[in-house]
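Per Swiss-Prot, the features are:
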- 13, 14, 15, 16, 17, 18: FAD binding site (BINDING)
- 273-287: NAD(+) binding site (BINDING)
């Protein structure tokens, strides 16, 4: 057998999931092959050229903390940065960057080409090589066979992909790319549960045909935020402004008059679209009382005139697209460079996955990204990292690793998918995390980088930077706990200016920092000292001080929940034998087959009373004693 054809991990697909999967496997020193139908589209931003947002920015920070690429690529390609929810608490603050598509792809490709233990090869995969109940490789359209004990499928919208513009449709993985229909047919022969989803994209506009004088300017933040814990504002290219406009009643009337030509409303499309990123047709129909809908005018890059009008995703016929676009203020003379379209594709029920993202039916086969029913670059990249990491661990005969819900948004994402499944494209929000005060953007490295180091996906540069930051936090926290300030050391006027009231007794510095409106900077001014630490360290110290009580309560709640989380349920448990459970609950438990009691609590329809009955049954059957809990 030729060495060229033998690898330890094969990743199929070069999108956001595939690139993170390949890098995560290769960083462990595992010989990895990334197969893509087109090397030129590695890291392609198929829809909106943006990274981050509410919940999504948290995922990007966690990917970065585990040594992933997305945050660094966003920093090096980001041309417009904003901190969303900046006036709210730290748990829901989220970074978002508008990226230059070409720059982003270039950063991703360079990282892949420079990664040791990683090879790239351009070939479409058409089949899996299966031996018994294990995947052992893949076959390509040229008839080449590549062997590996672990295969990660990150095929996006390419499985059975069909593109719709009006009542016209054709096969396609995305505009300009062929679908993976042969692979889709092969996977349908396996015992996976398969369904259809759809997503869409707006028409692209030539920015030279837009009248910007009629649009509202949306500048980026100053100072400019940074995504990566290794990054700085100096990494960013030139920054530009975005703009805002709105649809109007004329736009809505054009859309309503054309609904009979919409593939969504004519029944041509059966797949369910993303709830939180609906098409403009959906918005007009579902929110008929609204006189207008906001549109964000976002540049596609520094070296192109193309504009992404975020908010008017559509699959209406092209003539209707022209009419609705030109009905919008500032777009009266707009020239469409690419039509909007919807794409319908296969996805596989993620309840057929293990928490490691390995499939339950074929050992060594992992799924990540839109194949699991998610939407978004960030959700895909997070899954890719975990799948690639675990594929690498498996070939090294090591135990799988995946974060719990209380450890990371990545853990929330995976647990939601494998426990509840999804009937629509799944998008991450901060509201999905019950422990979001602990899972902030700012502390993703403190939560995950030590674990990443143990798993060999965090390099020496990141590890040194992390330790410097962590030691600075510990050292400064200790100083603030020990150092005191007396009333006679501060003038009454200075105290009133900085604290809002005179200093009436002796305080430890940490006590003053716990006050809601006292920043670390104000505290240093109060004691007449310069900033002792860098801003990221100061931010972390202030948050930990102000939210100490809330954080402690959440940690106690997690400890209580861990009793359920750690109780593993036997794989052969017959739920129909558990007396008192309703037939509905029995069927749901039997279908999902939760791995732990904690997972069972999160299945929709499984009540606390049902969990109590299950606990009683387990005690009687002596399962608790056998598991040592």
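Glycine is treated like the rest: Cβ placed from N, Cα and C.
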Quiz item: Could you state the CA-to-CA distance between residue 287 (NAD(+) binding site) and residue 16 (FAD binding site) to the nearest Å?
Solution: 33
Practice problem: Check residue 283 (NAD(+) binding site) against DSSP and tell me helix, strand or coil, would you? | Solution: helix
Quiz item: List, in sequence order, the same-chain residues at least six positions removed whose CB sits under 8 Å from that of residue 15 (FAD binding site)?
Solution: 43, 44, 46, 154, 156, 369, 380
Self-check item: Cβ-based isolation winner (fewest other Cβ atoms within 10 Å) among the binding-site residues 16, 275
Solution: 275
Self-check item: Residues within 8 Å of the 13, 14, 15, 16, 17, 18 Cβ centre (excluding the FAD site residues themselves)
Solution: 11, 19, 20, 21, 36, 43, 154, 156, 369, 380, 384
Quiz prompt | Local Cβ density at residue 287 (NAD(+) binding site) - other Cβ atoms counted within 10 Å | solution = 12
Quiz item: Under a criterion of Cβ-Cβ distance under 8 Å and sequence separation of at least 6, what residues of the same chain contact residue 279 (NAD(+) binding site)?
Solution: 200, 264, 273, 313, 314, 315, 342
Exercise. Calculate the distance in Å between the alpha carbons (Cα) of residue 18 (FAD binding site) and residue 277 (NAD(+) binding site), and round it to a whole number.
Key: 23
Exercise. Take the C-alpha atoms of residue 285 (NAD(+) binding site) and residue 16 (FAD binding site) and report the distance between them in angstrom, rounded.
Key: 33
Quiz prompt | Assigned element (helix, strand, coil) containing residue 17 (FAD binding site), judged by DSSP | solution = helix
Quiz item: Of all the binding-site residues given, 13, 17, 18, 281, 285, which has the fewest Cβ neighbours within 10 Å once its own Cβ is left out?
Solution: 285
Practice problem: Express the distance between the Cα positions of residue 283 (NAD(+) binding site) and residue 16 (FAD binding site) as a whole number of Å. | Solution: 28
Quiz item: Do you know offhand how many angstrom separate residue 14 (FAD binding site) and residue 277 (NAD(+) binding site) by C-alpha?
Solution: 24
Quiz item: In DSSP terms, helix, strand or coil for residue 275 (NAD(+) binding site)?
Solution: coil
